[in-house]
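> Below are the features listed in TrEMBL for this protein:
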TRANSMEM  B:18-40  transmembrane segment
DOMAIN    B:64-203  domain 'Exoribonuclease phosphorolytic'
DOMAIN    B:233-297  domain 'Exoribonuclease phosphorolytic'
Amino acid sequence: MEYVSPEGLRLDGRRPMEMRQIRAEIGAVSKADGSAIFEMGNTKVIAAVYGPREVQNKSQQINSHALVRCEYSMANFSTGDRMRKSKGDRRSTEISLVIRQTMEACIMTHLLPRSQIDIYVQVLQADGGTRSACINAATLALADAGIPMRDLVTSCSAGYLNSTPLLDLNYVEDSAGGPDVTLGILPKLDKVTLLQMDSKLPIDILENVMQLAIEGCKAIANYIREILLENTKQLEYRRGV
Amino acid sequence: MEYSSDGRIKRGNHAAKMYIIIIIKCLKTLAFTGMVGLSLGERHFIQGGIAQDLRSDGRKRLTYRPLSVETGVIPQVNGSARVRIGATDVIASVKAELGKPSLLQPDKGKVSLYMDCSSTADPAFEGRGGEELAAELSNALQNCLLGGKSGAGAGIDLSSLIVVEGKICWNLYIDGLVVSSDGNLLDALGAAIKAALSNTGIPRVQVAAGTLNDEHPEVDVCDDEFLQFDTSGVPVIVTLTKVGRHYIVDATSEEESQMSSAVSISFNRQGHICGITKRGGVGLDPSILLDMISVAKHVSEQVLNKLDSEIASAEAEEES
């Protein structure tokens, strides 16, 4: 199948190096300590953060730093054909773990000893790149909760189809069988915290694809920073400062 | 109470000691049973406010929080809606799939309800924690919206889902998701389902000529022509929560933690009761129950009007 037309357009009309439209909103769940909605095209996720708070299960308490937990779940209506999935299947457990490890790497856990931070991500619409969208939403929610972080982790995926590196794959491109590189970076520190790839890819092309994903992550980081700044301005305005 | 010089209660003053122990025991059990950690003072404040008809958020006993409806929030399903009542936020979606009607009711389609409590709403819903509440909500909604087992008294006309009698029908899957929870989930989900159903478009189906009498008739699903549901018969649910000697509508989660029992009653446009569910362990006097029903009927009229106008404006906004 042709994923990039001779004119250089993808199935949804994007250029190879173009990202889907992103939209973020802070404060979707009023009861949570921090929450955010993040949309990448038709992918839409909600993240909610509870904590830092007292450790619920005392046996899990860590005396030197905070305990970070994460749960990923998909709504029944999130995918095209409706299916009933129980929580805790292998895929969601794996994604929960990936998100937890990525977020743990950026949270300054040593500042919050003997406490617990819960991150819950809920997928409302899945159209490829849920992993990346979840990480971006979680970053925003953590920032909203006021949890100290080294940097704002952002994530983006890139692939390689029809001998063209493609940024931010949607579901159709994702299931095409080509390589899918999901990357998470700390944009200010310029460090990679998450890198996952399936399928095979020559090393020199991987370099290009990775570079493209890094560009994507940085663009998202800029957007997230803007949203946070806007939110802080709003809060400031409401306080009457 | 008498205290010795070192501050401890004097030996022999047995009654005082027992009293303190009982208080500590009470506090411990309350700490475990209450969903929301409330102090004694806060609990008195909430109960006192309800008794004086001025609740902690300034509402009267029979006033709802502001309700807002957004339709068409999920693009990949046939109909969807998001309803917010105060800090409670729920999403309902309707998906229609072609299937075979059951042998017992060849002239009726099937409607299934599945509710889900997202852990974003409450950390207690993590893992399998939300399943119990989800099952309770699904059951209550089933009672209130879908009528009896035979499908009689359902808010949705099940025979309108039939394509070829006994062979092909539409199966409706209604999924609810609790995104944020601040009490009164049942009313919010009921409203969201009503809004999602009015947002639903079922594709027009054409049965290929000549195959009507076959075992598996060939059908052609139109992608551009949609049939709307008649949702005027879908009831609204009003939950009355009893706190102390009084009952309130639209309780927040703090108020729900103080409830002795709650009665959810669904009413349709004609003012007929479509279903009743009672929750909570404490018994109710039958006369109070009847009183509650008449109050709920009065409230339901206001809610129906409010909901209908919200749905209409949400639909208008979506089209524009």
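Just so you know, glycine gets a Cβ as well, placed from its N, Cα and C.
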> Compute the average pLDDT of the predicted model within the domain 'Exoribonuclease phosphorolytic' (B:64-203).
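Mean pLDDT across the domain 'Exoribonuclease phosphorolytic' (B:64-203) comes out at 90.
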> For the domain 'Exoribonuclease phosphorolytic' (B:64-203), jot down how many residues DSSP puts in helix, in strand and in coil.
38 helix, 51 strand, 51 coil
> Looking only at the domain 'Exoribonuclease phosphorolytic' (B:233-297), what are its DSSP counts of helix, strand and coil residues?
16 helix, 26 strand, 23 coil
